[in-house]
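According to Swiss-Prot, the [4Fe-4S] cluster binding site annotation covers CYS81, CYS85, CYS88, on the basis of similarity to another entry. The compositional bias 'Basic and acidic residues' annotation in Swiss-Prot covers 50-63. Summarising the annotation, Swiss-Prot assigns domain 'Radical SAM core' to 67-287. The annotation region 'Disordered' is assigned in Swiss-Prot to 43-67.
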Amino acid sequence: MVTSNQLGFARLLMQLCVKNVQSFFLALLRWLSMQVSGAHVQQTPARKISRPESRTSKQKEGSRAPFTTPSSVNYHFTRQCNYKCGFCFHTAKTSFVLPIEEAKRGLRLLKEAGMEKINFSGGEPFVHQKGSFLGELVLYCKQELQLPSVSIVSNGSLIRESWFQKYGDYLDILAISCDSFIEETNQLIGRAQGRKSHLDNLHKVRNWCREYKVAFKINSVINTYNVEEDMTEQITALNPVRWKVFQCLLIEGENAGENSLREAEKFVISDQQFQDFLERHQSIQCLVPESNQKMRDSYLILDEYMRFLDCREGRKDPSKSILDVGVEEAIKFSGFDEKMFLMRGGKYVWSKADMKLEW
């Protein structure tokens with residue numbers, strides 16, 4: 001007859017057996033799982049994704065780059081313009097302009113990050129609020145931020161003497177775009193409004209710059225319509241502090257390709273044609289040449305949303321706005337080549353107080 005003690009001992013022995021069997025099978029399952037995982041990793045190596053380099057992949061690469069000081073920044077705060085230049089590479093794709101307090105906040109962020117020079121451009125910067133918005137930004141940058149240099153690029157057609165009277169003291173450099181000293185050529189290019197004389201505006205603004213002590217500069221885009229022109233006599237007479245000579249540039253989505261507002265292919269010249277133009281004008285000491293490569297890599301460009309634009313791939317890939325992520329994060333994706341910036345003479349005497357000009 002089995003006693004109660006014997007039954008209890010048998011029950012305990014059975015429980016121990018069951019636990020040992022469970023432990024054995026759990027260990028076996030873990031071992032098998034590890035073997036299967038290891039085999040899977042060996043059989044399935046990490047895939048290399050083969051696709052064209054995208055903005056996202058470039059941003060990952062950019063995130064490892066050291067911080068770039070934004071010493072000179074070009075702020076295209078509006079895309080609107082009253083001219084229709086056929087090769088324009090910053091076209092009127094939006095009508096957006098930041099509220100002025102937001103624009104000022106972004107400019108302060110840039111100053112805190114090391115900005116010394118701000119250049120306002122467009123579009124045509126005098127279009128918005130008839131130049132008063134631009135004037136207040138110029139005033140803010142010189143008075144409040146105390147930037148060494150504040151400059152503007154304009155076509156000159158909308159500038160009035162009253163603007164110089166109010167804001168001229170705070171502006172260091174005014175660059176006027178002029179591609180030809182032949183009126184018919186300017187009309188063909190689109191550097192005109194109706195039948196008004198672009199050259200008359202150029203000379204008028206030049207005289208105001210002398211009167212109100214603003215350094216005068218000329219920007220010219222060399223293209224199929226003006227590449228054979230000799231501008232030596234006219235540039236010498238106008239005597240700008242700098243004559244920037246650009247090779248006509250194609251930018252996908254702006255003046256070339258699908259969804260572009262311009263078709264600039266017919267304006268494009270070869271590198272040799274550009275070099276011939278430069279050699280024809282080599283006697284002009286203030287000439288600063290800019291080939292396509294220099295233009296793509298050596299400018300810090302902010303769009304109307306205060307996003308840096310990376311033009312290295314022949315298109316404009318935007319960063320996030322400095323208003324959202326700050327300058328240090330956004331500038332990683334600007335595509336900016338500081339060495340090229342210095343090679344093209346990007347850093348020069350850019351404060352009118354240091355230019356020792358004869359007004």
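Glycine is no exception: its Cβ is also placed from the backbone N, Cα and C atoms.
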Same-chain residues at least 6 apart in sequence whose Cβ lies under 8 Å from CYS81 ([4Fe-4S] cluster binding site): CYS88, ALA92, GLY122, GLY123, GLU124, VAL127, ASN155
For the [4Fe-4S] cluster site built from CYS81, CYS85, CYS88, further residues of that chain with CB within 8 A of the site's CB center: TYR83, LYS84, PHE87, HIS90, THR91, GLY123, GLU124, GLY190, ARG262
Rounded mean pLDDT for the residues that make up the domain 'Radical SAM core' (67-287): 95
Under 8 Å by Cβ from CYS85 ([4Fe-4S] cluster binding site), counting only residues of that chain that are 6 or more apart: ASP179, ILE189, GLY190, ARG191, VAL221, ARG262
